[in-house]
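Enquirer: Below you will find the structure I want to go over with you.
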């Protein structure tokens, strides 16, 4: 819009916004953006993904590259007579056909990251295919560049080939230098700033050298990035130090430079007859890429929906293609009208396909179930399957103590799936590892606390080997898609409860911003919204409470009604059999049943009756009721309970089905109610409530159903619904 296609057509706008020297500044900042962006993408790329790619990925990649390449070449041969001299060259046709056929990894990594599809099945497949396609494309691009050099003289081809060999020969030397830098870095420390600056400046040197040798300015920095050892400490440091300024400063300059060079009026002046051959190549390339990819995916056994999603993703164009169009203008492959046509085609394709992908493929769709996976609906004697997410080794003491308090026995066994989550920095492809199948030593670089976590959980499991099964998993992924890994593992492991540990900091804030991503868009909120089972937030208020130091624990359940409160009661019921636990259940009732949902109240009555019948003879279980008459009663009742007795853990439901009148006195106090609910937030942050920890429980939300859906036949609630049981 700012270019000659619209605003820049007015001289007053151009003289005011873009003075004479601005083009020079913008172009060079844009080229710097290209150089650094491709360098960082090279650092993130893991060529080991090529080895881990399956045959399906290879077959789809081959079909998606060579199918369009063949079709575009045929169209080019048929329309070659109508092309101008530069476009009609074999090298020019080859470069254009290849760019329309090859899927570039840098583009599709950023697209999948934006769409939160990196950890999805479709995302993993698209990344593998893109990397294979890129490997094919790089080799062909070298051939066509050599042919382009040969249009001048045979001597140019020789020098071009020598340059490629020299660059390849320096690869081991540079790689060894990077390994030496890592060896100079102390374990757990960041790479020295001098080395970081030297490497970033080296990306400009590499770009200059490859441009001087005729290999293209973009290739040097990208190849240098590929030589960097990814992950900790070097790769992650390079990405952390440079990614923000690249994406926020240099990249916008690159896009502005490309936009200022685009002139749609030049297309009109050139006429349809001049643009028709190039337009034919572009349309045939886009369509053949889409259909070849989709059919190849379907042939190798991918579902129609996933095949369509993969083909749409791999048909997208992006930043690398835009850089390539600028390169073609420099090489006289296309002129300004052709360049503007290619830019327009990219805008149209991205504008149409991106929303289609979002509509067609919802990554959270597989996680929402229609059958119950809750503690309440897990029968006594069945394995209680729990998935605990660990972000840091400091979570271990409180988690291990909590597992012990669950009091697993041979009659009530316990299945624990521990999931260690690490933020992915310095690598592009996510990693998911099941540690029963891989040695810990091989993963120490990616998962720094893994050995400590494994040994702590293993020691707990060995003490109760007859009634506890332990499964350890790890993942390295970006925060935006971390919830997908959690939900996927919960689905596969058939977990009925996910535990997310949090910690109250000394300044009164939670560590959600640093570890779990913040407030409304945090990993916690995404897990709560998409989990295929119930979820518990374990908030640590005090120093780590240690089981051997205390003979007995006092737990309290605040039952305000609704599905979440019923699941919180089921959670506490699992610990009532532990001789070290004393449990107090307090039910809050609104005066005159004001604001109550009749169905919810009936369900609450039935569950509470069942709980009391089971624990009536248990002297360590106490029950009482509190009637709330005004908005201040709830807070004052909680403060009174806290003053009356020290409770090590407060257990509450998050928010589903709670009578709003019971929370009126607390609603204005809450700051983190999106994640923990109003009551959970109050208990976690109030100085009047002293405790070691707070457990906030959310019952599973069924797909397409409300919280009242489905009660197991024969349960106490179903009898109550038929009027056979009264409270």
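Each Cβ is built from the backbone N, Cα and C atoms, and glycine gets one as well.
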Enquirer: May I ask you to indicate which of 98-119, 340-361 is given in TrEMBL as transmembrane segment?
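Expert: Comparing 98-119, 340-361 with TrEMBL, transmembrane segment matches 340-361.
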Enquirer: Under TrEMBL, which of the candidate ranges 59-79, 374-394 is annotated transmembrane segment?
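Expert: When 59-79, 374-394 are checked in TrEMBL, transmembrane segment belongs to 59-79.
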Enquirer: What range among 29-47, 409-427 does TrEMBL describe as transmembrane segment?
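Expert: Per TrEMBL, the stretch marked transmembrane segment is 29-47.
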Enquirer: Under TrEMBL, which of the candidate ranges 5-24, 125-144 is annotated transmembrane segment?
Expert: 125-144
